[in-house]
Amino acid sequence: MGRGGSRGGGGGGCGSGGGGREEAADPLQPLFETKEAKGRVAYKLFACTIMVGICLIWLYRIVQLIPRGGGDHDDDQEGRSWAWIGMFMAELWFGFYWIITQPVRLNVRYRLPFKDRLSSRYEDKLPGVDIFVCTADPVMEPPTLVINTILSVMSYNYPPEKLSVYLSDDGGSEFTFYALLEASNFSKYWIPFCKKFNVEPRNPEAYFAQETYHDQEWLAIKIKYEEMKNRIESATAQERISREIRDQYRGFSEWNDKVTKQNHQSIVQIIIDGRDTKAVDKEGCQLPTLVYMAREKRPKRPHNFKAGAMNSLIRVSSEISNGSIILNVDCDMYANNADSIREALCFFMDEKRGHEIAFVQHPQTFNNITQNDLYGNNNLVVKQVELAGIGGYDVALYCGTGCFHRRESLSGREYSKDYRGNRDKEANKNFEKKVHELEEVSKVLANCSYETDTQWGKEMGLVYGCAVEDIVTGLTIQCKGWKSMYYNPERNAFLGVAPTTLDTALVQFKRWSEGMFQIFFSKYCPFIYGHGKIKLGAQMGYCIYLLWATLSLPTLYYVIVPPLYLLHGISLFPKVSSMWFIPFAYVFIANRVYSLIEALNCGSTVKIWWNLQRMWMIRRTTAFLFAFMDVIIKQLGLSHTAFVLTSKVVTEDVSNRYEQEIMEFGSSSIMFTMLGKFAILNLFCLVGATFKKVVLQDFGALENLISQVFLCGMMILINLPVYEAMFFRKDKGCLPFSVMFKSIVLASLACLIMPMI
Ligand SMILES: O=c1ccn([C@@H]2O[C@H](COP(=O)(O)OP(=O)(O)O[C@H]3O[C@H](CO)[C@@H](O)[C@H](O)[C@H]3O)[C@@H](O)[C@H]2O)c(=O)[nH]1
Ligand SMILES: [Mn+2]
């Protein structure tokens, strides 16, 4: 991409590059189109065969459980009855979960917006758009990362007088504030440069990383960027802002010795006032409004994490710019397509359906995915099949970032049949108040006490009390009668930073699976709360994710019990020669083969798929398990929701290993001990069982145990990187000795104790 050599492509002047107006304004043509995915009938047939297989498996477990005198059943039946029931339970749950994942696969739909039609019809009536960027910690989310996101959204291809960008800083950091000031200056050069050369992406860091020398103008702006970055980084490194800079901007007076992350007054600074005709870039074009906000924080007051920040932003922005469309991005999610706002507006402004749409969600995509996606961050099947399938029911999962909202629905308004949208409403800027007055009023809106005895966090704004505030908020909006759109464009609209260590990846999945399971248990359970409001297929679609945590139990059972029984020569599956073997083999193999084909179809490779299978195994046996336990503990009222931020920075050493796709362990977290234990257990069991058979020369019994040998073998194969990290690697990212020791002890204990139960 990039400038594409198209000098003068965007042309000079202050135009926002509306695009083709040639097309005749035909009001009958929709602004977006929906396409159904192909192959539904074939899939239905396939799914039916799997369903039959699952039923046969269930039937086998039941039939074999009922004791029969004599006959052809195995001799060791008595000894295995509890284990047998466990297998049945696990398979019951796997089967049930599989059913949950089916409706979405039968309803995949893609959306296609027509931004040229939008421009030709509504170029003069485009709505005001407020962009919210959230950051929470200047160390885990460095200021340069944050302002790169800010710059990318400030330079959207959209009339700047209708664009306002808000940064919420939960870190309350003067370094972030300083970086934002620097960015506002740099934007005077960056925005005209982007528009003149049609730059993509408009995140300077990403842009300069992908382009090589063009010409003097290019070099000049690159140097300007580097200098700014150096100033910011050196201020952060020295942990102080020089007197000189402090004196230049009145805003710094908000920071004194008493201000800490957890304890400070509200800070609202309008850095660029979009109403000010003097706020122009170096070409004399208007700049978008830019606001810094750090809501009040007090140690004893719950701040509700990102949801709290978003709600403050909704109120503060309603005072300052009140754009009728709100775009919400995380601080690491930069805009990767300058036309995204226009594409999203096609949904909101469509004459026929636009008024019923509350939000348009883009999938989460990342710019730091390695070739084989070691940590399974870029799950193409989820993006292209599952989410698009839920989207087929006019329901999108609000994912907290990359989402365009209608301000009214986000603020709590219910949909009604008479609602026709606010298509013709101009951006409603507050023209009466002076900047200083606006700031003072806004500070009150960002105070802790403002929400006391109000519906904020319940019926208004983002819902509080859940680690996945986004998912639950989306659901409440849908249950108020609104539709939502899932839109996965060809060119990714946003790119973020994916976790680069196993630990961060699991922390994130623990938060997600915990938050989602919590929703399932709360009054927001889609089957109850959504009953009659969203379609059953969509309710089930939600539950694919809400029930993640529950998958931990059957998976754990499967990685522990069959291997142990194998070691002791007890079979838990039908013999190969038995007819009952067929459904087991079919369901397992057909499902995995289908999953592979589905992944390949979505543009994955065999290796990516294999890595993802490993990640699912790891997530299910660690992150999901801890999430499951935490939700149960919370249900008992023993603890409260927390939000563990995922770090966006790592040391160079770690980053190198990530580039080389070497799994990063490095710490002795309990999750890794679990992981190690299961890996060792399966290894012991397979080796032990083979050894016994060799010694006893008893290969005939193997026929009964072949399924368990296979399961164990798969576990070992998928865990190869774990053994490697435990026994062979010497770098800092390997598994510490203590983990190896604990894993071996625990696995041996399990092998020894088993015959006693
Ligand atoms: O007290 C807080 C905590 C977090 N954040 C912001 O929330 C965003 C997401 O945090 P991150 O640590 O990056 O979590 P992820 O797991 O990457 O986030 C995903 O999952 C979250 C819900 O668990 C959603 O809120 C996010 O939008 C979604 O991208 C970041 O911009 C943070 O700055 C705050 O503003 N205040
Ligand atoms: Mn993130």
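Using N, Cα and C of the backbone, Cβ positions are placed for all residues, glycine too.
Database features (TrEMBL):
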COMPBIAS  1-19  compositional bias 'Gly residues'
REGION    1-22  region 'Disordered'
TRANSMEM  41-61  transmembrane segment
TRANSMEM  81-100  transmembrane segment
BINDING   GLU141, ASP170  UDP-alpha-D-glucose binding site
ACT_SITE  ASP170  active site
BINDING   LYS306, ASP330  Mn(2+) binding site
ACT_SITE  ASP470  active site
TRANSMEM  542-560  transmembrane segment
TRANSMEM  580-602  transmembrane segment
TRANSMEM  623-645  transmembrane segment
TRANSMEM  665-689  transmembrane segment
TRANSMEM  701-723  transmembrane segment
TRANSMEM  735-754  transmembrane segment
- For the transmembrane segment (41-61), distant same-chain residues with Cβ under 8 A (at least six beyond the ends): 84, 87-88, 91-92, 95, 98-99, 102, 105-106, 574, 580, 582-584, 586-587, 590-591, 594
- Note on the structure: Spatial hits near ASP470 (active site) (Cα distance within 10 Å) out of the binding-site residues GLU141, ASP170, LYS306, ASP330 come to LYS306
- ligand 2: which of the binding-site residues ASP170, LYS306, ASP330 have a Cβ closer than 6 angstroms to it? ASP330
- Note on the structure: Under 8 Å Cβ-Cβ from the transmembrane segment (735-754), and at least six residues away from its ends along the same chain, one finds 560, 564, 567-568, 665-668, 672-673, 676-677, 679-681, 684-685, 688, 722, 725-727, 729
- So which residues does the transmembrane segment (542-560) touch in its own chain, when a touch means Cβ under 8 Å and the partner is 6 or more beyond its ends? 86-87, 89-91, 93-94, 97, 100-101, 104, 386, 390, 395, 397, 471, 475, 512-514, 516-517, 519-520, 525-527, 530, 617, 619-621, 624-625, 627-628, 631, 678, 681-682, 711, 715, 750
- Item | Residues that sit under 8 angstroms from ASP330 (Mn(2+) binding site) by C-beta distance, when 6+ apart in the chain | VAL133, CYS134, THR149, GLY400, THR401, GLY496
- DSSP says ASP330 (Mn(2+) binding site), in three-state terms, is strand
- Query: How many Å lie between the Cα of ASP170 (UDP-alpha-D-glucose binding site) and the Cα of LYS306 (Mn(2+) binding site)?
  - Reply: 8
- Item | Count of other CB atoms lying within 10 Å of the CB belonging to GLU141 (UDP-alpha-D-glucose binding site) | 27
- Residue pair LYS306 (Mn(2+) binding site), GLU141 (UDP-alpha-D-glucose binding site) - Cα distance, angstrom, rounded: 14
- Item | Other CB atoms within 10 A, centred on LYS306 (Mn(2+) binding site) | 23
